[in-house]
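Down below is the structure, laid out as structure tokens.
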Amino acid sequence: MASNNYIQIMEKAPKYQTAYACEGKKLTIECEQGELINLIRANYGRFSITICNDHGNVEWSVNCMFPKSLTVLNSRCAHKNSCSVLAATSMFGDPCPGTHKYLEAHYQCVSAAQTSTTTNRPSPPPWVLNNGPPIFGNGSGLIHPTNIGGGSGGASAPPRLPTLPGVVGINGNGGMFNIPPPATHATPPGSTATLPGGRLKGVATSTTTTKHPAGRRDGLPPPPQLHHHHNHHTDETTPTKPSGKVPAASNATAPSNTRILTGVGGGGTDDGTLLTTKSSPNRTPGTAASGPSVSSNGSAVRTINNINLNAAGMAGADDETKLFCGPTHARNLFWNMTRVGDVNVQPCPGGAAGIAKWRCVLMKRMPDSSFDEDDEEMAGTSTTTPMSTSSDCLYNSSSCEPPVTMAHKVNQRLRNFEPTWHPLTPDLTQCRSLWLNNLEMRVNQRDSSLISIANDMSEVTSSKTLYGGDMLVTTKIIQTVSEKMLHDKETFPDQRQREAMIMELLHCVVKTGSNLLDESQLSSWLDLNPEDQMRVATSLLTGLEYNAFLLADTIIRERSVVQKVKNILLSVRVLETKTIQSSVVFPDSDQWPISSDRIELPRAALIENSEGGLVRIVFAAFDRLESILKPSYDHFDLKSSRSYVRNTAILTNDSDASAGDLQQRLRILNSKVISASLGKGRHIQLSQPITLTLKHLKTENVTNPTCVFWNYIDHAWSANGCSLESTNRTHSVCSCNHLTNFAILMDVVDEHQHSLFTMFDGNMRIFIYISIAICVVFIVIALLTLKLFNGVFVKSARTSIYINIYICLLAIELLFLLGIEQTETSIFCGFITVFLHCAILSGTSWFCYEAFHSYSTLTSDELLLEVDQTPKVNCYYLLSYGLSLSVVAISLVINPSTYTQNDYCVLMEANAVFYATFVAPVLIFFMAAIGYTFLSWIIMCRKSRTGLKTKEHTRLATVRFDIRCSFVFFLLLSAVWCSAYFYLRGAKMDEDVTGIYGYNFICFNTLLGLYIFVFHCIQNEKIRREYRKYVRQHAWLPKCLRCSKTSISSGIVAGGGTGLGGTNAGTLCSVSTAKKSKLPLGTNDDAHDEQQQQQHMSATEDAIMGASSDCELNEAQQRRTLKSGLITGTLQPSQSLGGHVVLERGNTLRSTGHASPTSSAGSTHLIFAHKPQQQQPPLGEAYYHQPDYYSWKQTAGGMKAQREYYNNAGAATSSPQQAHEVFYWTQKPNSQHGKKKRGGVGAIPASPSGSLHSRATAASQVLFYPSYKKTKPGQQAHPHYAEALDPPQPPNTAAYYQQQQQLRQQRQQQQQQLSSDEEQAEQHAHLLHLQHQQQQQQQRRAGGQQQLPAPPPHMAQYQQEFMQRQYRNKHSNCDLGDAYYNQGSVGGADGGPVYEEILSNRNSDAQHYEVGDFDVDEVYNNSVGTGVFNNMRAAVAAGGSRYGGSLSGGSVSSRNQQQQQHSLAQPISARRCTADEDDDEDEDDEETTAAEQLHDGVCDEEEEDEESDMEDDSHGLPPQSAERMRRLMALQDEDFKRRFQRQQRKHGAPVDYGTLPPGSAQAVIGGAHPEHNGAVFGVSGGVGEGSMRGALRQQHAKSPSARLAVNELFGHGNTGPPLPPANQTPAQKRQQLQKLSPQSTTSSSSHTSHSNPHSHPPHHQQRHLSAMLDENNTVRCYLEPLAK
């Protein structure tokens, strides 16, 4: 079976012969007996200058061809044993007149037996390789469909020659080469060809029977495998003897598998030996998979150019010999297609003797992302395809697959390789011109004239085209001339003649060297291989140096000779040592305008190398030599070499060395070459180094300059002895300790790599985009969170630091994303690098400051309260951005090219400036951050072991958590930046670990964004709460998101009775887009039903709404951040503390009376007072129509009159009770009384609750007025106060509804009259008077007292005028919309009213007056003002002593209650109008007479005029200051008391000047039954230095220890109605009045509650009230629902 595997046919190859005949002579062709002439090609003309040119004429054309030469010659010689043809124009014509022509014929002598069965078309010569038609003649490769299918393993090689010889015709194709016909017969015998060099090439063929497997018809070779070792088995090439017999088993159509190798440069031989390669035929599919011989016989490894192509076990695989380089033209020669691994050899172009060769190699194609699928298919089709051995597939396209279809089946790995001509130009090293050969012969003659030879050489090199061999000959002649002149100069006795002869010789030599360096001769240099180029360049430099020193040695006195030609400036200087005063500089500025290069030799170095008192120096400057003396791996032209080295892998016999070289950077010679010598051919070491200034030829896309010199021994550039002193974008300064030829080498940034992203693969690029996008999104969310939810945070230094860190990180991410897309030539590249440098320095500095801030917090009083430290933050800003900008500016001044000469637009160039201005500052900041973090951790450990207060422990835990998060943040950011840096550096050096760094950067950068969002946003409880509030308040969000049941984590007080909310309290959902102050109320009844009791917990949760009241202060008052806790309590004096529970943050419960362990400076603190709940009405059923609205349903027994609810008439079990709530903000007490604190001016008095900050120096207060919404089931919102004026009526009579209709009309008229807020405010005071009057009547009835007479009627006029002036400029920025007041009810007709109480800090409620910043002494420097203000101070002082500690520490102790009872018994000082009246005058008087009332009215009138004048002068003054607001609030409090007293006098009630109105601090103690009055609740907050509002540095000089006045609310009293909203416009009021339903129930203005048969003593309901002030000056109030 072995004989069936392959059949080898061996026969003698026909000889290939060439015959020539000069013009005018006969061409005779003869063959041996039995052989006939078989012409291959012929031409009458001239292709070579050496043939038939005895006189060396070089003017003849070498591209002379007669197209019909072969036809004419065939007519005379074809199929003849011999013939003779005259080479004359009469026979062939004259294709090129004036040129001496010759006739050239290529033929074979074949046997007569073969000619009877074959055609007359012969095969082309070996170097023509025209085996098939060029399908894609693109010059780089082509498909040659010669063989489809092949043996497994080695595969059958295509025949070098066609199987049948034929006549090559030139008709119609314009050339000498035709396509051979289909091969249908056996291969021809061997033939020999006579090459120009006289060598013969043996050609032989053999055929092999092949079978095509059914499963594969493409016959493509297997993918090649690159190996760097050669221990694989290769098929042997064995010589065989020619034989004319063809075995019977052979197939006539089977192709030959013998590979014919040419002798030059390939793997063949030159001795005519037949080389054959054995291979196995393909097996059938059945045997290919199962035969045991597949692994042995069917395995072969081919080695081409040291590339091992392993095709073991792959059926139907051919080897790489089916790949060909396409035909092309180069150096006036046509290079036909050549098989990979072969060398195409042909004679040199006309006018030159020798041979030219060019090799076809297989190169690896670098992946190009710009190729799409179609381009790759076409590229694969046009470059790599196997030869077909099937005659049917060769010329019958119907039986073969199309080429594109075959390309689809090409293995992907093989498609990465393509056949390429190597090197880029043909090798013409052996081509020499005839005239230079003549000069070489002349210079070697003994009596030749050296001057004449030098002149001829300069003329020839300037006018003639040279080839690679000519360069070698020319430089050799230059050296020979100098050597001969050295001996011949002695024959000239005259010194002047000697110098003249040598100078003329030097001029010719310099001119010749300039001609060789000229641009027109660049192709001649490229004809040489790299080694020969370097050798020729070295020979040229040494030849010039030898000739120059020949002249220098001849000169015996001081002289300077300059030889200047186009490309060379040569200066020979002979200097006397005594005349050398300074350094010698070359060249002069006017001598060499081509370049600004400069070389400076120090004087000491010259004197050391003097001889005989003379110093001989040779300077030379070259132009265009830099394009010749290129560094290794860059011996081609610059533009081509970039693409060549980057995009191909040269697979040659020295591929091992080349593989390592390709990993190196591409370097160019980036300066002109300049030379200085002190001795001929010697590298003289100098005691002092020379200085060179070299100008950069290329300033863009170059980096890393290196000073080098040309080493004559190694023929290469070397940096030994030279160093770079300084460099910039255009010049470099070098220092060398020896002399020779110098230049600058620089790295080239590949222009084909347009940006950094071109270095990424597809996945890497996508992942980087995603990672940066994620990080940017989360950073933006963090910044928006800090800005939108600004009030959640204390305006602290830490918050400012993190905002700046986020801004820097955002800038870094965006600049990096923009920079990796930019090219190095982009104008934005330098700017991006500069700003990125600044952003990184700023970011690292902020990290350092964050660590330092944590350290300073732990080592100072800031541990207790984190506040905004503006001076410190300003220092951080200055150090961070100022220092970063300064460093970048210094870097730009020192070396601007640092930002533009790097490979990528996101890195600086790695030089000294980079390490000094980037690496060093970043390391310093990072080390400082680590150091401060370590110190902070030590301090925390020490503090945790010491005894601290609860608040300090809380704050310490917060700081500990911040430091941990910051340290993790620091580590993560360091990992991101380090990964990015190493990835960029690795990508530049093409390291294998680059991908690891890239994916590390992607992962760490994504984690950085997630970490910012989670640990800096989500983990913050306050931000989570703000997120929920933000979702609920925006109507554009889905309702399912806005109306979700929510329980906040703020502090809530659960009373001792039932839950906070009633049953079925429901959920809360905001219906207004603006921030509103509202509190939905539920019910709070005693539950006897077990099911209702189980619902209390859920109702309580629903009643606690985190965003129920979030109105903000006006802009003028927005900076009043009060570090306050939340004080809650009942409306009764505290008597018991049992059963009270506080709902802490995090939904944890604890007992009251203790500080919250998790509270901090910005959290809530709960302090409350409590009285056991008295008799409660039965629990009723609660309904709600809208999410933020609670209605209720009356229990069985029918609807009661509304008058009962207003006046507390009827049974106490069914009447909801309301008391007066007074909210005041004041300072925290100082724990160390009498001790002066930092930031204060003196001792700080006590205040209601403990201080949160030891540096609180002054008080601040904000007045809160409650607004009420009264609704009734089944109707729209009612007016807010008119019902209190109506008498009670039976609810079941018809007259009741008639009276309601009349009252509705009265209300409309009354409401129209209230056209301004001034009238409305007056009505507030009027209603307050009714409540107080009713209380006094009840008290006096119980005590048997009589009513006092009413004041005169004229007092009302004064009151009305003053009130209108006082409230003229009141404004509001937090109006409640109509939708809030006009909500209906679903309670039905049997329901009762529901009061929803909303506590707000609306500016309209706070009554801000726009008056000037006046002095208190100036304002009250009269009898009226002084008395009022002094009386106010007395009231404040009394209030301060009364409340100073009553609600401290979160509980009310028995000691505080005793102090409070003691303060209740103190007399109240009365008001007087005189200026010199003391504050404590008449303190024993408890009532006033009518005369005193009248006198007080006159005082009020005068005071009104005084304040009116102040108001008129207030406009145009600066904004309100803290001191101004304090005075205004004091005036406001006094004004309200005066207004209340006017209402008393207007209605004839006795005026008690020492009694405050209901709702004020002193009104609580003024009644006869103080236990029935509501307890006073104070929401107190300490103001630290640096808070948002800012602490008052000092109190007023007149009252340094007096507490600020208590600002009363418009109290509704135990029997009063709800008050109208103070910020509603008249238009809104009218709209509400039009929507009134006829079911409203009111009563007359006369108070008749004492006559009601169902009236009961006033019942005081226990209602828990909690208010929380966050950092945004937003008060969140939670009021226990009213009882039903």
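Positions of Cβ are set from backbone N, Cα and C atoms, glycine also.
The domain 'SUEL-type lectin' annotation in Swiss-Prot covers 21-110.
According to Swiss-Prot, the N-linked glycosylation site annotation covers Asn138 (among others).
Feature annotation from Swiss-Prot assigns compositional bias 'Polar residues' to 250-260 (among others).
For Asn251 (among others), the entry in Swiss-Prot reads N-linked glycosylation site, with the evidence type sequence analysis.
Taken from Swiss-Prot, the feature compositional bias 'Polar residues' covers 278-300 (among others).
Annotation source Swiss-Prot lists N-linked glycosylation site at Asn297 (among others).
Of all Cβ atoms in the protein chains displayed, 20 besides its own lie within 10 Å of the Cβ of Asn336 (N-linked glycosylation site). The feature N-linked glycosylation site is assigned by Swiss-Prot to Asn336 (among others), with sequence analysis given as support.
Residues or ranges marked as compositional bias 'Low complexity' in Swiss-Prot: 381-391 (among others).
Per Swiss-Prot, the feature N-linked glycosylation site maps to Asn396 (among others); the stated evidence is sequence analysis.
Looking just at the domain 'GAIN-B' (559-752), the mean pLDDT is 80. Under the heading domain 'GAIN-B', Swiss-Prot lists 559-752, citing sequence analysis as support.
Marked as N-linked glycosylation site by Swiss-Prot: Asn653 (among others).
Using a 10 Å Cβ-Cβ cutoff, Asn701 (N-linked glycosylation site) registers 19 neighbours. Swiss-Prot lists Asn701 (among others) with the feature N-linked glycosylation site.
What Swiss-Prot records for 707-752 is region 'GPS'. Break the region 'GPS' (707-752) down by DSSP state and the numbers are 0 helix, 30 strand, 16 coil.
Using a 10 Å Cβ-Cβ cutoff, Cys734 (disulfide bond) registers 27 neighbours. According to Swiss-Prot, the disulfide bond annotation covers Cys707-Cys734 (among others).
Annotation for Cys722 (disulfide bond): same-chain Cβ neighbours under 8 Å, separated by at least 6 residues, are Cys707, Val708, Phe709, Cys734, Ser735, Cys736, Asn737, Phe742. Positions annotated as disulfide bond by Swiss-Prot, on the basis of sequence analysis: Cys722-Cys736 (among others).
Residues or ranges marked as N-linked glycosylation site by Swiss-Prot on the basis of sequence analysis: Asn728 (among others). The Cβ neighbour count for Asn728 (N-linked glycosylation site), using a 10 Å radius and every protein chain shown, is 16.
As a summary of secondary structure, the topological domain 'Cytoplasmic' (940-966) carries 22 helix, 0 strand, 5 coil according to DSSP. Counted over residue pairs separated by six or more positions, the transmembrane segment (874-894) shares fewer than 3 Cβ pairs under 8 angstroms with the transmembrane segment (967-987), which leaves the two as not touching.
All chains included, 24 other C-beta atoms sit within 10 angstroms of the C-beta of Cys707 (disulfide bond). Of the candidate ranges 766-786, 800-820, 827-847, 919-939, 995-1015, 995-1015 contributes the most Cβ pairs within a distance under 8 Å of the transmembrane segment (967-987).
Note: the stretches the transmembrane segment (919-939) and the transmembrane segment (995-1015) are not in contact (fewer than 3 CB pairs below 8 A, sequence gap of 6 or more). Neighbours of Cys736 (disulfide bond), defined as other CB atoms within 10 A of its CB across all chains, total 22. Here the Cα atom of Asn728 (N-linked glycosylation site) is found 14 Å from that of Asn701 (N-linked glycosylation site).
Remote same-chain residues near the transmembrane segment (827-847) are listed as 801, 804-805, 808-809, 811-812, 815-816, 818-819, 876, 879-881, 883-885, 887-888, 891-892, 896, 899-900, 902, 905-908, 917-918, 921-922, 925-926, 929, 966, 970, 973, 977 (criterion: CB distance under 8 Å, separation of at least six residues from the stretch ends). Applying DSSP to the domain 'SUEL-type lectin' (21-110) sorts its residues as follows: 13 helix, 34 strand, 43 coil. Distance noted between the C-alpha atoms of Asn336 (N-linked glycosylation site) and Asn701 (N-linked glycosylation site) is 38 Å.
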